[in-house]
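According to TrEMBL, the transmembrane segment annotation covers 7-26, 46-72, 84-105, 134-154, 181-202, 222-244, 256-276, 313-331, 343-366, 386-411, 438-457, 463-483.
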Amino acid sequence: MKKVGIVFWSSFTLVMLAVLVGIIAPQTLENVTKNIQNLLTYNFGWYYLLVVAIIIAFCVFLILSPVGAIRLGKPTDRPDYSNASWFAMLFSAGMGIGLVFWGAAEPLSHFAISSPQAPVGSQQALKDSFRYTFFHWGISAWAIYGVVALALAYSNFRKGAPGLISSTLFPLFGEKTKGPIGYIIDIIAVFATVIGVATTLGLGAQQINGGLSYLFDLPINFTVQLIIIVIVTVLFIISASTGLDKGIQLLSNWNLYLAATLLLLTLFIGPTVAIMNDFTSGLGSYLQNFVHMSLRMEPGDAGSRDWINGWTIFYWAWWMSWSPFVGIFIARISKGRTIREFLMGVILAPTLVSIFWFATFGTTAIETYLTKDQTLVELPTEQLLFGVFGNMPFGFILSIIALLLVAIFFITSADSATFVLGMQTTFGSMNPSFKIKLIWGILQAAIAASLLFSGGLTALQNAAIIVAFPFSFIILLMMLSLYKSLMAERKKLGLYIRPKKQHTPDGQKKDG
């Protein structure tokens, strides 16, 4: 095993303490973390919105700037992976289980249970349900991932720094990033990754259990969920042993094929015309209202403010808490791409797929609710997609595909997380040993299982959201550090939108 140090042992201890409290006193931990989360969202909701707006503006600036031509690596480096494999891996790590879990549930919830700003069940609620779902899973989420990943990829491949979050801040803090400041930054990143992924694994086990229960009448209990976690853990450990180029890449490609199959079957078996109408209308409304939604706080409307806190602010914090994991992984697989190519690929392609995904499954769920089964909203979130399929032709086949997709997303997320955690706790090693990945893999599975047993999963999710607050400051510093480095390199390489004017010996100006 590669040498491990203070980041490994400190983050390991911190995670175990949090989990121990979650097991011994889950309700107490849930209450405490919920109160802290509410305090942050109520008092700093404006801050989360502004941070994400700044991130998006920064990404747009880099795409349009001459520095967008800078390559993440040496000038002769080219991408290690094809565009299709690259997209499959970043998409699987970035969204994964969440798309299947919320694909039908979120639009239906906004339409029939709690609308952003209209009476539930109304035509306006229908419009809002799609534009806000697109908003929560679209450009903003991927911009957060993209800017963290870009700072890491630039620092690592262009400057030769270790693959650590702390290394991205070297232009600002110099050698201090190799001391206590750097350790604290990397410990926060590791803690956020472990907690976030363990929570997602728990949710994944619940959804697989929910699907099996709906299809085969299996009980929904801890025993079934534990068996699911054990099986998936064995599979992702096998995948982790094969390395990045085989295990994760192969599984991500399978994910893409299965997701495309499920998406297209649902599109053509379901209400095709309604899906395309909602996709087109929702996309237009999303783009038209993007700035308003990005900065909407509703200070004089308590009901709307609560909705924003519970959905938009929650999502922004959740994506930030996931950004160390997803950012490090995306950076690792993006060597050789230009900054412009990287940002457009990371932000635009997944956004379009996510939007079409939610339009397809959200419209199908809403149409099923309106025309066939109004008890759909009473189903637990983990069973709702299967309830929708139960009202469709070939529903059993669709449900089996969905279960397989969740399982492979489950494996891919865990495998990717063990790789990232291995990097972060072995001084930024680009190829961490199997032993260190095995330790983190087993630990994540044990955390998920323990908290499912104790009922502490919600508390752990709250903890992940809380960690996003301090990490948001790190993201801002990462952008400032990246900007400083890129402006210095722009000057060195002579990258300007228009050629600079040079003075001739006779005092006349000419293009240079």
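Just so it is clear, glycine is given a Cβ too, placed from its N, Cα and C backbone atoms.
In this chain, the transmembrane segment (386-411) lies apart from the transmembrane segment (134-154): fewer than three C-beta pairs between them fall below 8 angstroms, excluding pairs fewer than 6 positions apart. Remote same-chain partners of the transmembrane segment (256-276), defined as residues 6 or more beyond its termini with a Cβ less than 8 Å from a stretch Cβ, comprise 84, 87-88, 91-92, 99, 356-357, 359-361, 363-364, 367, 392-394, 397-398, 401-402, 404-405, 408.
Between the transmembrane segment (7-26) and the listed ranges 84-105, 134-154, 181-202, 313-331, 463-483, the one holding the most Cβ pairs under 8 Å is 181-202. Of the Cβ pairs linking the transmembrane segment (84-105) with the transmembrane segment (463-483) and spaced 6 or more residues apart, fewer than 3 are under 8 Å, so the two regions do not touch.
Scored on C-beta pairs under 8 angstroms, the neighbour of the transmembrane segment (313-331) with the top count among 134-154, 181-202, 222-244, 343-366 is 134-154. With a threshold of 8 Å between CB atoms, the same-chain residues lying at least 6 positions outside the transmembrane segment (222-244) that come near it are 201, 204-206, 208-209, 212, 251, 332-333, 407, 410-412, 414-415, 418-419, 431, 434, 437-438, 441-442, 445, 448-449, 452-453. Just going by CB pairs under 8 A, the stretch in 46-72, 134-154, 463-483 that sits most against the transmembrane segment (343-366) is 134-154.
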